[in-house]
Each structure stands twice: as structure tokens, then as C-alpha cells.
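Trainee: This is the feature table in TrEMBL:
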- 1-25: region 'Disordered' (REGION)
- 111-292: domain 'Malic enzyme N-terminal' (DOMAIN)
- Tyr134: active site, proton donor (ACT_SITE)
- Arg187, Asn442, Asn486: (S)-malate binding site (BINDING)
- Lys205: active site, proton acceptor (ACT_SITE)
- Glu277, Asp278, Asp301: divalent metal cation binding site (BINDING)
- 302-555: domain 'Malic enzyme NAD-binding' (DOMAIN)
Amino acid sequence: MASTLKDGESVVDQSSAVGGGVDDVYGEDRASEDQLITPWTVSVASGYTLLRDPHHNKGLAFTERERDSHYLRGLLPPAVATQELQEKKLMQNIRSYEVPLHRYVAMMELEERNERLFYKLLIDNVEELLPVVYTPTVGEACQKYGSIFKRPQGLYISLKEKGKILEVLRNWPERNIQVIVVTDGERILGLGDLGCQGMGIPVGKLALYTALGGVRPSACLPITIDVGTNNQKLLDDDFYIGLRQKRATGKEYYDLLEEFMSAVKQNYGEKVLVQFEDFANHNAFELLAKYRTSHLVFNDDIQGTASVVLAGLVASLKLLGGSLADHTFLFLGAGEAGTGIAELIALEISTKTNIPIDEARKKIWLVDSKGLIVSSRKETLQHFKKPWAHEHEPLSTLLDAVKAIKPSVLIGTSGVGQTFTQDVVEAMAAFNERPLIMALSNPTSQAECTAEQAYTWTQGRAIFSSGSPFDPYEYNGNVFIPGQANNAYIFPGLGFGLVISGAIRVHDEMLLAASEALANQVTQEHYDKGMIYPPLTNIRKISAHIAANVAAKAYDLGLATRLPRPADLVKYAESCMYTPNYRSYR
């Protein structure tokens, strides 16, 4: 035990690490489930306080002995329930709600009163509850966040806090933060500028970091940077919870972000992962480029989406044949997601074939709102689109581009629903035996086409993947299971790999390592059902393999600081994962 404390230090010696790559201050996760631990808060929690502390509350699962020793007699009904029985009851309650938003609210309320039970539910019922706490329901939750807001779930840093951001970070009760997810709310999913109400996204992402990736909840910090909103509907809404002003831009915006990034490093150190989430294109690229050499940063919309799509492409080669370099790719959408995916595909082709990346890019074509991106448009293009301006005559529509380019893979990142029309999909099927169609825009309403449309218009020959979930579809007696290129496959494992290795920077080779690990989890059984992603039910195992691959790459590149390197990184990752089973209290 430490006898003296510096500002912000734990009361437990810092050498007492670590499940999930963070300090396990009170030994909870180093104890086996039958060992006794003390439910510390500021002091030992008792009775009424203990029932209102979500980190330690177990509800009716407190044993008779615990009820005596922690002054809980009379504060609970006499029945004693197991965690499994509580889980059964809550799932029954959640399933009784017909409106997805009501399920979302029920899950958030559970997290606020009983953290371990929340994560137990999410882990054990991941395929059913993922669409509730994440895409697509989280989109509606953000739209209505002002109305459903009850209790702050993260930090709000607005222009009012300029010059005081370090103080604001120190107001957060947890000191050993390992992962921060931050948004400025300007481009929430496909829904646009939701301002301060974008907080639902960092909260949802970090719930998945814990449930799917095993990072301890206390090591996760959701943050919203509020610089105003250009959404007039929100500005006129009595229940809006953010600044009532138009968005700050230019120097004022970037000065605030610079203060934030400096304060994060000062307060939490070099190894805290900052994940940028749902920033508008013009800021997303600039922030990633600016901070990737000085901070441990990751943009899920650019890099996470790219990594999960690349994994699907690598896996699909078993069905399509050939290598990535043998295929031609056409994108609808040239924003942060589209160009991020395109760049990672080019990097993978370049790495595997040893051809220059400029040459690899020529296999990839992009269509934006003005048509095919070609060299004659170069002068008017945004900087992130210029590498994709190839020699070709101008074409104004997606259908014209499909017919001229003849891609084997069609990828949608446009954010506009129903843009893969019947003509477009049928054109893909005309010159491909197995056209690969990835309608990636979220939420479901913004998908470029549905699974049913893709299978029907190609007579069941398409390999289909989407961003949001679609139900299995039967065509001519065959049941097809649509793939979901869900970032949840990648970012929890990637982030966990960075944490357990103590990485100090994110390198593109780590993204390739994550993609490779995910693609390797697809089995012949999955291929037989037309799947190019493994089921989400195995996500903890998948995340452990991704974390191990990413950590291995961090060690290989000399970017890991947690030494010595574990002999078996998969076993090490699994051993570090947070588990939400109840603990017994002294």
C-alpha cells in the first residue's frame, strides 16, 4: 500500500495491475468469484448507499450474510435471487417492450443501477441486444436524447469550459482511464448534426468496449465536445440539452480541440486511447492527421469501418476466388468511410503484392454526388478524394459507372437509402457470377439496398453485407444469412489490443492485423450459409484473437510498452478481459 499520495494517485500501489490492461485498484478481478472482496467507494459502502452504487449493487442477489454485514436488512425484500434469475427476469421485461427506444431506455436505466447485471445481459444476449444499445436504435436515442435524458453518463465539454478543460477532466471520478470515445455530434450515423445529443454514441461505443472487448467499465470515458449545432430544430427545442448557438468553426474550434487533446494526455498519460467518433468529414481527416503522430488516436468511421470491411473482403475471397488484386472495387460515397476503406484495401493489395500503393489504388473507383471521381475533376476535389481521381471519361450516375468500370465489388457508404437500385444491382449480376454487394450506410433506413432486394435482383447469387442488421432471407428454398459489416467486430478488440500491449501509437499495420484476425474467424460452416463474417455470438472470442493480433503487431513495431511480451497473447488477452459475474462481499 502507498503511504503518501500525490495528486490523483490511487490509494493502492500502482504495481497492482490489471485485468483489461488497467489498474485493478481493489483487487476485484484478481479475486476468484468465490473469494471475498470489499465493496469500496470513498469508504466501505453500507446499506442504502450500497444499493444506489451501480458498481457494487447486486439487488436481490445480496446473500443473507451480506445483508447482515452491510446493514441491508429491511432495505430489500426477503427473497434472495441469483444473477441468472435476475437476467431471466430482465430479458423477459425487455422483450415485452415493442418499441425499440423503450428497450434502449430500459437498458440504460439498468446500467445506472446495476453495472454488472447490465454487462451480463449484453454479453449473454449480444445478437438480440446489440441493435438496442448500438446501431440502429442508438440513432433514434440521440435524436430524442434531450427528452429521455435523466442522468449524465459521461463528460460534456463545451465552449464554456475553454481554458478549464483539465479541471473538467479532473471532475470525472475515475482516474485510471484507458479508452475515451469523443464526438462533437456533427455527423451522427446517417442522421446529421445532433449537437450535444450525440452523447448516445460514445456511451454506446464504450458499452461495447466492455461487453465485447473486455475493457473494464471504470477505464472507459464517454465525452461530448459541444461547440453548438446547426440543427435549427434542436435549437428551437425546449428540451435540447446543449449550447444554443450555431457551430463554432475554424480557429475557435481547433483551439478547443487542441486544449482537449493536451489535457487528456496531461491527465491520463501517453497510453490513453482517444477514439474520434462521428465528426464531419472536414474535421475527421484533419484531426486524425494532426494527432496520430503525437497521441494514441483512432477514428472509427475512417479506420474501424475500413478494417471491418477489409475483413469481409478478405473472407469473401473464399467464395469469389482470386486475390484482392484480382478484383475491381466501386464505391458509392467518397466521405471518411468510403475513402478510409478504399485506402486500407489499397494498402493491403500493396502489402501482399509489393506493388506501389499508387498502383494499387487504380483498382478502386469512387462515385460521389457529382459522379465518378476522375482526373479531369482533380482541381475541384477535396484533398482526401484526390488520390482516387483516375483517368476516365466523366460519368454522372452510379449505373453508368457500374456499366463502364464493371466492378466485382460494389460498396455503399453514401448515407442515402435505396441508391443501389434494381438497375444497378442487375447490372452487377450481369457480369459477375457472385457479385459482392456491401450496403454499409446506417441506420437501416439509410442502407443502399436491403438484403431481400440484393438476393431477389440477383436470383440468389449475391454475397450481401450491410452496416445494420437484416433478417435471414429465403429465396428459392435457400436461406441466406446477410453479413453485417459492423464496426463492433473490430474496435473493441483493436482497442483492447492497444490497451494490453501498452501501445503508444496506432499504425496502419495494426488495422490490417485486426482485419486478418477477423477474417480468420470465418469457418466453412459460415461460408456454406453465404456469410463473410462470423456470428456475433462468438464476439468475445473473436475480440481476444483481434486483440492478440493487434498487440503482436504493436510489439513487432516497437510501439508496445507493457513488457515483457506475453508468450501466448490470445490467452493473455482472455485472462485480462473484464467479466461481469457478481463478487461476494466481506
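Backbone N, Cα and C define each Cβ position, glycine as well.
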Trainee: Which residues does Tyr134 (active site, proton donor) neighbour through Cβ under 8 Å, counting only same-chain ones at least six apart?
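Mentor: Looking at Cβ-Cβ distances below 8 Å from Tyr134 (active site, proton donor), excluding near sequence neighbours, one finds Gly204, Lys205, Ala207, Leu208, Ala488.
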Trainee: C-alpha of Asp278 (divalent metal cation binding site) to C-alpha of Asn442 ((S)-malate binding site): distance in Å?
Mentor: 12
Trainee: So if I measure Cβ to Cβ from Arg187 ((S)-malate binding site) and keep only same-chain residues at least 6 apart in sequence, which ones fall under 8 Å?
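Mentor: Result: Asp193, Asp278, Phe279, Ala280, Asn281, Ala284, Asp301.
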Trainee: Could you tell me which of these binding-site residues, Glu277, Asp278, Asp301, has the fewest other Cβ atoms within 10 Å of its Cβ?
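Mentor: Relative to the other binding-site residues in Glu277, Asp278, Asp301, Asp301 has the fewest Cβ atoms within 10 Å.
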Trainee: At the level of the C-alpha atoms, what whole-angstrom distance separates Asn486 ((S)-malate binding site) and Glu277 (divalent metal cation binding site)?
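Mentor: So the Cα of Glu277 (divalent metal cation binding site) lies 15 Å away from that of Asn486 ((S)-malate binding site).
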Trainee: Cα-Cα separation of Asn442 ((S)-malate binding site) and Glu277 (divalent metal cation binding site), in Å?
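Mentor: That comes out at 14 Å between the alpha carbons.
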Trainee: Just how spread out is the (S)-malate site if you go by the largest Cα to Cα distance in Å among Arg187, Asn442, Asn486?
Mentor: 18
Trainee: What's the number of neighbouring CB atoms sitting within 10 A of the CB on the residue listed as 'active site, proton acceptor'?
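Mentor: Step by step: centre on the Cβ of the residue listed as 'active site, proton acceptor', count other Cβ atoms within 10 Å, giving 27.
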Trainee: What other residues of the same chain, not counting Glu277, Asp278, Asp301, have a CB atom within 8 A of the CB centroid of the divalent metal cation site?
Mentor: Thr183, Arg187, Ile188, Ile201, Phe276, Phe279, Ala284, Asn299, Asp300
